[in-house]
Protein chains: 2
Amino acid sequence: MSRAKYLTGDKEGIEEFLARFDTFLFDCDGVLWSGDHMFPGTKETLEMLRAKDKRLVFVTNNSTKSRADYKKKFDKMGIPSDVEEVFGSAYSAAIYVSRILKLPSPKNKVYVLGEAGIETELDSENVPHIGGTDPSLRRDITQADFDGLADGSLLDPDVGVVLSGLDFHVNYLKLAHAFTYLRKGAVFLATNTDSTLPMSHTLFLGAGAIGSPLVTAYGKDPVALGKPSQAMMDAIEGKFKLDRNRTCMVGDRLNTDIQFGIEGGLGGTLLVLTGVTQKEEIMGEDKVVVPSVYVDKLGDLLG
Amino acid sequence: MSRAKYLTGDKEGIEEFLARFDTFLFDCDGVLWSGDHMFPGTKETLEMLRAKDKRLVFVTNNSTKSRADYKKKFDKMGIPSDVEEVFGSAYSAAIYVSRILKLPSPKNKVYVLGEAGIETELDSENVPHIGGTDPSLRRDITQADFDGLADGSLLDPDVGVVLSGLDFHVNYLKLAHAFTYLRKGAVFLATNTDSTLPMSHTLFLGAGAIGSPLVTAYGKDPVALGKPSQAMMDAIEGKFKLDRNRTCMVGDRLNTDIQFGIEGGLGGTLLVLTGVTQKEEIMGEDKVVVPSVYVDKLGDLLG
């Protein structure tokens, strides 16, 4: 595997690279910003790409936000965007349930471990759901819960899917519901399986970590609908009718973003070093996942 | 690997088997009882063994209870016992921190993900600790928490160990604290790594499931102090001065109890089918972990 080309400061190399693509798929957290901190040059870089008539798609594994929520985030950060440019893992999961899984109603109800973003996107695809932000589940588990889950009296017989995403309000009660539905035969889906979440300039626990109690207890992995799952790439291609050869994936993670682009057969991948991946991780001949090019930060594309 | 011998109804086989041992190590949940339901014959079987001058040790991976709590559970179930007969994973972990790890004070503080049982046993070994049942951690995480964990202002500089056990009050805030301490270099311990917990005649999430977000996010496994970790067997042997050849492990799980006994070089292992393991799992020549003998339920040893 050849080494990635370093483009920071290489004006000519940048020009040449950008000219190879019509579409840029962007990871957001760790690429454009970290939490509420925008990286320098982000806005100007996106403007430069738009000025060159590039199509931009913001592909995020963050399942806590709906596409509309994400649009608000762009607005708040002062970055012009359109809600149709946003493609999140919650939306990807909703599409998977409604258009691919297509369980017969009423046995198509989804038990959600996650935040409002998932619920909004399930609603947009008319998929019934329980769990999620239900305030009655934000409490300690009781003996009555253990008994009622064990004898089935607390279970909704229409639940056919457990969808696990990032839940900042995770607790034992919610996990026990999800685990019991899985044991009863529900299909196991995850919006994404990122182990960590870049926030406040450091890392916290990601959706893959929060859902891992279910994986450990149930002993089976979910079907993941976020990067690097090619189910998400197929959905993006279907929606945007893109030419994979002339599409570049931009991200900060080798094992999600860059792998997503490589496995999807895209024309190129660009790694930024403002997120999870450190420079050392792409050096050396023995690396398996290597981006086409890398820069210290996205803004370095301004040359 | 030879097949396990089935002893239910085999009066002669039972007599012969029991005569081979002075000491019986018992798993509790799934063997003596399930939750608050005692299996028929449990009390009489333990009395029969005591009448034959067998020493009984109750070896439990349940970290939510201290040895004293466990004694109360035996009292409540009407089973005579002594607190010194109880050997739990929380006690095992406390001994590991105080007598084996021996970090220099004051950098030996333990951040606990777990219930009061762990705190009680750490106290019994004079190990300082935070987290655990601290009521100020039983709430939603806020942006101030993210920032304070990121910049270190919310961290206790003396924490040198993260100890993960079963926590029915797990939440994102507690996991975020534990994860941040791990990233700062704390030693990663777990009371036990059972993926599931038998309760109310079914399975719920065990300590191994509840701690798995830390394993997933941090990318490293903890040193586990419960079964089947031989650190626990060594501690039991040290305390009870037992002859391993004349000791039998009794349990309901192949991959914790029975493996624990086999790896520990005990004279025998006895599987009961009242818990996790189903009969099919020990049949066939291809099985790796096979008990010496098995019975449908512990009470079958009465003949």
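Glycine is no exception: its Cβ is also placed from the backbone N, Cα and C atoms.
Computed from a predicted structure; not experimentally measured.
Annotation comment: TrEMBL describes A:Asp27, A:Asp29 as active site, proton donor. Annotation comment: TrEMBL describes A:Asp27, A:Asp29, A:Asp252 as Mg(2+) binding site. What TrEMBL lists as substrate binding site is A:Lys227.
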Test of understanding: give the count of other CB atoms lying within 10 angstroms of the CB of A:Asp29 (active site, proton donor).
23
Under a three-state reduction of DSSP output, how is A:Asp29 (active site, proton donor) classified: helix, strand, or coil?
strand
Between the recorded positions A:Asp27, A:Asp29, A:Asp252, which lies closest to A:Lys227 (substrate binding site), Cα to Cα?
A:Asp27
Other CB atoms, at most 10 A from the CB of A:Asp252 (Mg(2+) binding site):
25
Using all protein chains shown, find which of the recorded positions A:Asp27, A:Lys227 scores highest when you count other CB atoms within 10 A of its CB.
A:Lys227
In whole Å, how far does the CA atom of A:Asp27 (active site, proton donor) lie from that of A:Asp252 (Mg(2+) binding site)?
7
In Å, rounded, how far does the Cα of A:Asp252 (Mg(2+) binding site) sit from the Cα of A:Asp29 (active site, proton donor)?
8
Sort the residue listed as 'substrate binding site' into helix, strand or coil using the DSSP assignment.
coil
Can you tell me whether DSSP puts A:Asp252 (Mg(2+) binding site) in helix, strand or coil?
coil
